Amino acid sequence: MTQQTAPPVVELTGISVEFPPVKALDGVDFSLHPGEIHALMGENGAGKSTLIKALTGIHSPTAGTIRVDGVERRFSGPADARAHGVSTVYQEVNLCENLTVAENIMLGAEPRVLGGLNWRAIRRQAATHLRRMGLDIDPSSSLGSHSLAVQQLVAICRATVGDCKVLILDEPTSSLDTDEVAHLFTVMRGLRDEGVAILFVSHFLDQVYEVSDRMTVLRNGTLVGEYVTADLPAAELVQHMIGRSMDVLEAAEEVLEQAERPAGATPLLGVVGLGRKGSVQPFDLDLYEGEVVGLAGLLGSGRTELARLLTGADRADVGQARVAGRPTRLRNPRAAMRHRIAYTSEDRKGEGVVDGLTVRENIVLALQAERGWMRPLPRKQVDELVARYIQQLGIRPADPEALLRNLSGGNQQKVVLARWLATAPRLLVLDEPTRGIDVGAKAEIQKLVAELAADGMSVVFISAELEEVLRISHRIAVLRDRRKVAEIDGNGATMDQVVDLIAGGGAA
Amino acid sequence: MATSAPARTPRARRGLRLPTRLDRRYLPVLGTFVVLALMLVVGGTRYENFLTPAVISNLFINNAHLIVLAVGMTFVILTGGIDLSVGSVLALSTVITAALLQAGLPVAVVIPLAVLAGTVIGLAHGVMIHYFQVQPFVATLAGMFLARGLCFLIAPESIGIADPAFIELATWVQIFGQWRMTSSVLIALIVVGLGFLVLHFTRFGRTVYAIGGGEQSALLMGLPVARTKVLAYVVSGTFAGLGGLLFAMFSRSGYSLTGVGMELDAIAAVVIGGTLLTGGTGFVLGSVLGVLVLGLIQTIITFEGTLSSWWTKIVIGVLLLIFVLLQRVLSLRRT
Amino acid sequence: GTQTGGGGETNAADDGVITLGFSQVGAESGWRAANTKSIQDTLTAENGFDLKFSDAQQKQENQIQAIRSYIAQQVDVIAFSPVVETGWDAVLQEAKDAGIPVILTDRAVDSSDETLYESFIGSDFVLEGEMAGQWAAEQYDGEGYQAVELQGTTGAAPAIDRKDGFESAIAGSDIEIIDSQTGNFTRAEGKTVMEGFLNAHDDIDLVFAHNDDMGLGAIEAIEAAGMTPGEDIKIITIDAVKDGMQALADGKINYIVECNPLLGPDLADITKKVLAGEEVEKRIVVKDEAFDQAAAKEALPTREY
Amino acid sequence: MRDVLRHHLFWPVAALVVLLVANTIARPGFLAVTVRDGHLFGAPVDILRTTAPLLLVALGMTLVIATRGIDLSVGAVVAVSGAVALSHIASSPNPDSPVTVLTAIALALVLCLLLGVWNGFLVSVLGIQPIIATLILMTAGRGVAMLITNGMITTVNSTPFKVLGSGFWLGLPAAAVLAFGVFAVVAFVVRRTALGMLLEATGINPAASRLSGVRSRTLTWTVYTASGLFAGLAGLLISADTMAADANNAGLFIELDAILAVVIGGTALSGGKFSLSGTLVGALVIATLERTVTVLGISPLVTPLFMALVVIAVTLLQSPRMRERLTARRRQVATPPGSRPAAGPGPTPGSTTDPTTDPTEVKA
Ligand SMILES: Nc1ncnc2c1ncn2[C@@H]1O[C@H](COP(=O)(O)OP(=O)(O)OP(=O)(O)O)[C@@H](O)[C@H]1O
Ligand SMILES: Nc1ncnc2c1ncn2[C@@H]1O[C@H](COP(=O)(O)OP(=O)(O)OP(=O)(O)O)[C@@H](O)[C@H]1O
Ligand SMILES: O[C@@H]1[C@@H](O)[C@H](O)OC[C@H]1O
Ligand SMILES: [Mg+2]
Ligand SMILES: [Mg+2]
């Protein structure tokens with residue numbers, strides 16, 4: 001497996017990167033060998049993405065050396081890095097949705113004829129690369145017409161075009177489902193066996209254990225250590241990452257176990273035959289106070305779209321909704337907010353963060369919008385509120401005046417969550433709230449959800465991680481092909497049972 | 001306007017999944033084409049001598065310079081930028097042409113110089129925009145003032161062009177029955193062809209689209225963003241210079257106050273042609289159709305012949321509105 | 001009216017109606033509005049005309065386009081006020097080839113080939129400037145007056161010619177032009193530039209504005225600075241449109257040289273002659289008067305524009 | 001000192017000071033203000049008066065730009081406003097009656113408000129790109145103004161209306177008092193309420209704002225309406241200035257001046273964070289610049305050149321790249337000796353910061 005004998009293909013020594021006043025990396029050493037899958041681990045904001053960007057020349061380190069194939073280098077940017085065999089799929093999957101799949105894969109390396117692009121060859125080669133990734137899509141279809149998962153795979157496909165000695169994947173699995181992850185791992189192992197060095201970032205510990213050979217752990221911009229995966233127990237890894245033991249996780253479990261589903265008389269929100277043409281088939285659902293309802297389903301099964309109908313993000317064209325027994329129409333998010341219904345979108349970048357505003361402004365945004373522009377929140381109240389959530393959710397840096405775009409992905413997610421908690425909702429619909437969030441924070445969020453429910457809030461919880469849904473939910477609604485197919489009790493349910501329902505094998 | 005496209009909701013994506021044969025990207029251009037055809041039909045039934053080769057030839061002859069400007073503008077807008085300077089740069093090029101010819105320089109020297117003036121200004125824009133991160137609107141607005149100021153500096157008054165070689169070039173015409181093709185139309189068509197080839201068959205062209213789709217993405221994909229962006233403004237500037245040359249051929253003079261507001265015509269043409277100002281989608285051929293639509297509006301107004309100047313303005317506004325609405329309806333039906 | 005048949009000779013058609021295509025500069029000044037009105041009111045159906053009017057919005061390309069379109073429409077006569085002097089040879093040649101006579105109004109073209117148009121009807125801008133200058137020299141020579149000049153649109157014939165005319169006429173006197181900038185023939189810019197002049201110079205005695213509109217703007221600026229126009233600072237303008245005449249009568253302007261915008265009747269007249277094959281003069285200069293304050297009071301009640 | 005240098009108003013204010021100094025050198029008495037009949041006179045007072053309409057238009061423009069939009073139609077709206085007001089006054093038997101004048105003002109403002117509503121409708125409801133949506137009114141609006149005045153320059157004599165142009169309130173030009181007053185009130189409302197933040201959120205991420213319960217559409221609609229209204233008010237000042245409604249020339253290119261004022265003031269055209277105090281300084285810079293050209297006796301021929309140089313200088317000095325230079329110098333001083341100075345100071349153009357927005361923007 002690991003080939004410690006081979007000299008490292010990438011070797012970083014004493015790398016520091018600063019975003020004054022933040023020291024994102026402080027004298028970090030790191031090495032990557034050919035033919036290994038190396039996981040880079042750490043909490044949100046630990047500096048993983050920054051390390052990758054320093055290597056590929058997006059950020060220039062203030063100190064340290066970078067060696068690739070034994071030669072000291074400072075790449076001028078991704079193009080330069082790529083020309084030296086270092087290909088990267090960055091955390092913010094960013095391809096061009098306005099171009100075709102083939103172009104996205106081949107752009108910059110297109111075959112040419114008579115000085116012009118050879119479109120036939122482009123499509124043919126792209127198709128070959130897609131096949132190698134086991135992706136069966138039309139190369140001349142527009143990238144934007146594909147799901148995020150497919151786009152993610154196309155991004156990886158692009159990275160492997162040409163002479164690729166080092167492949168860097170920053171959280172490639174955060175929007176993939178189980179099958180797709182398995183698929184990706186097969187591809188990764190194949191590349192490793194061809195001698196490619198793979199650097200891999202993920203917050204899913206089981207995935208890391210499944211696929212990686214070695215791992216490097218960062219904490220607060222400093223190196224904690226380098227370990228052989230097989231030799232490091234998960235509990236120890238987590239301790240290295242968060243710098244303390246896993247008390248939080250256990251605490252979360254405790255709260256969850258204590259919480260009993262209350263027998264509420266009228267549902268907080270009850271919908272009958274709610275649906276929208278072309279989006280979700282009419283469904284019934286009752287949500288009670290103090291209860292967590294999980295939504296399970298495959299990617300594209302309609303969980304998000306169901307959530308959007310519950311929260312007025314999309315308008316239903318059939319069906320009725322009742323809040324506390326009274327008929328109502330959830331015409332838009334504001335209408336839902338009046339009933340204290342909150343929704344955090346899965347699309348953090350597009351529908352969550354307002355990246356040009358500060359942490360403070362992002363946190364108070366919904367609350368302020370609800371009060372209307374005429375009644376600004378008193379500054380003192382704002383400061384208290386913001387300080388509380390920064391502390392409670394561990395938002396880093398803990399600076400209310402930091403621009404949101406300068407926060408790491410996971411911390412941005414926490415800010416968006418804080419925005420909704422600040423509105424004190426009675427029903428909180430969380431769509432993939434733990435995507436891209438580190439283990440510690442994930443446990444915190446799960447604990448938070450349990451506590452909120454215990455305090456009487458009703459929560460709808462969507463996650464691609466079935467295990468998480470099972471653990472946290474009192475009740476689980478299962479969706480398949482944009483239709484609600486089953487509703488089961490969360491306590492008795494087993495993984496196999498739910499998987500059967502999701503896949504359409506089990507009895508509905 | 002460096003605005004980014006609104007976030008795509010998951011639903012928009014599914015809409016695109018519907019199987020269609022005709023690529024939806026061509027719909028706006030097709031819409032423009034349909035409207036153009038409709039205008040021709042309406043004009044043809046309403047006015048005598050309207051649907052004649054002479055009128056159609058004139059449409060191209062009168063608008064050759066605008067076609068060239070619009071092609072350059074398309075490059076810039078595709079990257080998500082904008083070039084407000086093209087009207088002034090066109091004027092500068094006419095003034096340089098006329099002044100140098102008047103000074104007795106040979107045509108073979110004057111023509112490259114006039115075009116080069118545009119190239120240099122375009123380069124300056126690119127540098128300001130990319131390296132100093134000045135917003136395109138502002139950088140090219142400054143360029144607009146600069147070029148206009150240079151015009152006045154060279155010659156405030158209009159200078160006639162009498163150089164025989166230049167006149168010969170300007171009056172070159174090919175006649176096919178009632179159809180006429182002048183040298184400027186020929187040049188414009190070559191520019192359109194070039195623009196098309198470059199955008200669709202070179203890496204530079206595809207990178208232009210990629211940048212419009214997302215500059216950040218293009219950077220992370222390792223594409224030469226800096227070079228491409230600068231080059232897009234160089235193309236626009238150069239074509240504005242060339243447009244000035246065509247305009248000098250058209251008006252046989254150089255005048256510092258020429259082309260005021262022409263940048264808005266070029267932008268309008270590009271947008272009418274289906275290119276999004278946010279960048280990343282659009283075609284040169286659409287922009288050509290856009291120019292023809294604008295030209296046809298003018299033609300119809302002259303044929304109508306009774307409109308006071310205010311009605312002219314109102315009618316242009318209303319037609320623009322109808323156009324944008326039609327396009328809007330088309331693009332809504334897409335999802 | 002317009003002939004349906006292809007390409008033949010065009011002349012005053014059988015129905016007796018003359019189709020005339022007119023391309024106007026724009027609508028930049030009060031003078032221009034009066035000029036447009038005069039043409040539209042004269043070339044009416046009652047008078048036997050079918051007028052095709054288009055406004056070029058100050059753009060030469062629009063004018064060329066309009067003229068080409070008139071050729072394609074096979075009108076009987078084309079008339080226009082060229083935005084600029086140069087650049088008309090090609091399109092005028094096209095009109096000539098199509099056998100359509102062209103008449104220029106108000107502004108002339110700068111062309112070596114005089115056969116390209118039949119006639120020019122308009123004012124002598126140089127003379128206007130001279131008349132203004134002569135009056136100034138007669139009235140104020142010996143006082144050591146410091147004058148400022150508000151020029152018309154840069155590069156436009158009336159601006160160039162009036163400047164030349166005025167300068168040559170005051171050449172022998174002790175009137176000195178201390179500053180001269182463009183006010184673009186508009187009131188608002190006339191006012192802004194005059195304000196600047198007042199900030200920049202302590203002792204301005206005389207303003208020469210290339211048209212009434214700028215002069216009226218200057219009056220506002222002078223009043224805003226707490227001075228009396230017409231007394232503290234003398235004002236001479238050109239055009240004699242109604243507002244200007246009123247200000248003259250009110251004593252705020254001291255002298256106005258007329259620039260007659262009523263070119264419609266002359267145009268109708270010449271058109272008929274040209275179509276009838278009569279010989280017409282190449283250059284028909286409209287007679288311009290000049291008014292001092294007393295003359296203005298007298299003329300005001302009967303002014304048409 | 002360094003904080004002063006990095007303040008977002010530093011370069012615009014510096015530009016203003018340089019212009020004033022240049023004028024004073026050319027003409028030592030330039031800054032002198034005299035009192036006559038209890039009114040203030042002098043070049044600075046003139047500048048305040050000529051800034052007034054531009055300031056109003058730029059105020060609306062700033063709000064529109066904050067929502068990621070742009071309003072090209074303001075010049076046409078200026079023309080319509082003057083046309084309506086003066087036509088009404090001219091057609092009334094008693095142009096000196098305050099009732100006539102007030103009616104005229106009300107008519108003009110209401111119509112301009114409606115024009116703003118129209119722009120807002122196109123942008124926020126029909127989703128047409130702002131630059132094109134407002135280009136429609138930019139073209140047609142002047143036509144409407146000419147339609148109202150019948151293509152003539154309408155002039156009136158009306159003492160109460162003239163106050164708006166050359167009258168004095170509290171010793172200062174009425175136009176300046178009005179414009180600066182409106183500006184102050186709007187700035188106060190925007191910054192003391194949550195309006196500013198909600199506008200910025202809308203400009204930065206409309207989808208996220210909507211989901212957060214911000215009435216993005218209404219806000220967008222409102223700013224275009226406000227822009228129309230302010231342009232209408234500016235139109236009244238401009239027409240009262242010469243007591244003439246010139247449909248062709250009133251407010252010509254004022255949209256460009258207003259956009260420049262906004263940009264010089266440090267607000268990014270890409271929307272989001274905006275600075276009203278910056279716009280105020282920007283408008284003063286432009287008005288002073290125009291005055292400077294005349295006072296310095298710079299040939300009118302090179303005025304655009306001069307304009308371009310000032311704009312280029314201010315925008316380059318304000319550019320992120322230049323700011324980084326300043327930051328870098330500071331950082332170099334701060335970093336301990338021996339550590340390697342950054343190759344390319346700060347984030348390179350390829351950093352994760354969105355190059356279209358300026359992260360260092362500070363709000364007023
Ligand atoms: N462009 C930037 N400007 C300022 N600070 C930044 C910038 N990029 C990153 N940071 C800061 O650097 C630190 C490390 O961020 P980084 O994105 O590397 O974290 P990460 O380990 O990838 O976290 P995550 O798991 O959440 O993606 C964070 O504190 C972040 O706020
Ligand atoms: N296999 C696929 N191919 C193309 N598009 C897909 C596919 N799967 C999902 N999508 C798109 O992704 C969007 C998200 O799906 P939806 O919101 O209905 O499901 P979900 O259960 O919430 O899944 P997700 O895990 O992606 O949030 C859908 O609108 C759909 O268009
Ligand atoms: O306003 C005028 C200008 O437009 C016209 O061409 O000549 C006369 C001038 O007074
Ligand atoms: Mg990261
Ligand atoms: Mg989802």
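Glycine residues also receive a Cβ, built from the backbone N, Cα and C atoms like all the rest.
Owing to the predicted nature of the structure, the values given are computational and were not obtained by experimental measurement.
Per TrEMBL, the feature transmembrane segment maps to B:26-47 (among others).
Away from its own ends, the transmembrane segment (B:59-78) comes close to residues 86, 90, 136, 180-182, 184-185, 187-188, 191-192, 195, 199, 208-209, 211-212, 232-233, 235-240, 242-244, 246-247, 250, 262-263, 265-267, 269-270, 273, 275-277, 279-284, 286-288, 290-292, 294-296, 298-299 of its chain (Cβ-Cβ under 8 Å, at least six residues beyond either end). TrEMBL lists B:59-78 (among others) with the feature transmembrane segment.
Taken from TrEMBL, the feature transmembrane segment applies to B:85-103 (among others). For the transmembrane segment (B:85-103), the list of distant contacts is 65, 69, 72-73, 109-111, 113-115, 117-118, 121-122, 125, 140-141, 143-148, 150-151, 154-155, 159-163, 166, 236-237, 239-245, 247-248, 251, 253-264, 266: same-chain residues at least six beyond its ends, Cβ to Cβ under 8 Å.
Distant neighbours of the transmembrane segment (B:109-129): 81, 83, 85, 89, 92-94, 96-97, 100-101, 135-136, 139-140, 142-143, 146-147, 166, 229-245, 248; these residues of the same chain sit at least 6 beyond its ends, with a Cβ under 8 Å from one of its Cβ atoms. Positions annotated as transmembrane segment by TrEMBL: B:109-129 (among others).
What TrEMBL records for B:136-155 (among others) is transmembrane segment.
Outside the transmembrane segment (B:175-199) by six or more residues, the chain places 52-54, 56-57, 60-61, 64-65, 67-68, 71-72, 74-75, 78, 169, 205-206, 208-209, 239, 242, 246, 249-250, 283-285, 288 with a CB less than 8 A from a CB of the stretch. For B:175-199 (among others), the entry in TrEMBL reads transmembrane segment.
Only residues 6 or more beyond the boundaries of the transmembrane segment (B:230-250), in the same chain, are considered here, and those with a CB under 8 A from a CB of the stretch are 61-62, 64-66, 68-69, 71-73, 75-76, 78-79, 81, 83, 85-86, 89-94, 96-98, 111, 114-123, 125-127, 129-130, 140, 161, 166, 169-170, 183-184, 187-188, 191, 204, 208, 258-259. According to TrEMBL, the feature transmembrane segment maps to B:230-250 (among others).
Under the heading transmembrane segment, TrEMBL lists B:283-303 (among others). Remote same-chain partners of the transmembrane segment (B:283-303), defined as residues 6 or more beyond its termini with a Cβ less than 8 Å from a stretch Cβ, comprise 26, 28-29, 32-33, 35-36, 39-40, 43, 46-47, 50, 55, 58-60, 62-63, 66-67, 70-71, 73-74, 192, 195-196, 199, 265, 268-275, 312, 315-316, 319, 323.
Sequence-distant contacts of the transmembrane segment (B:309-330) (same chain, at least 6 residues past either end, Cβ-Cβ under 8 Å): 27-28, 31-32, 35, 268, 271-272, 274, 293, 297, 301. Residues or ranges marked as transmembrane segment in TrEMBL: B:309-330 (among others).
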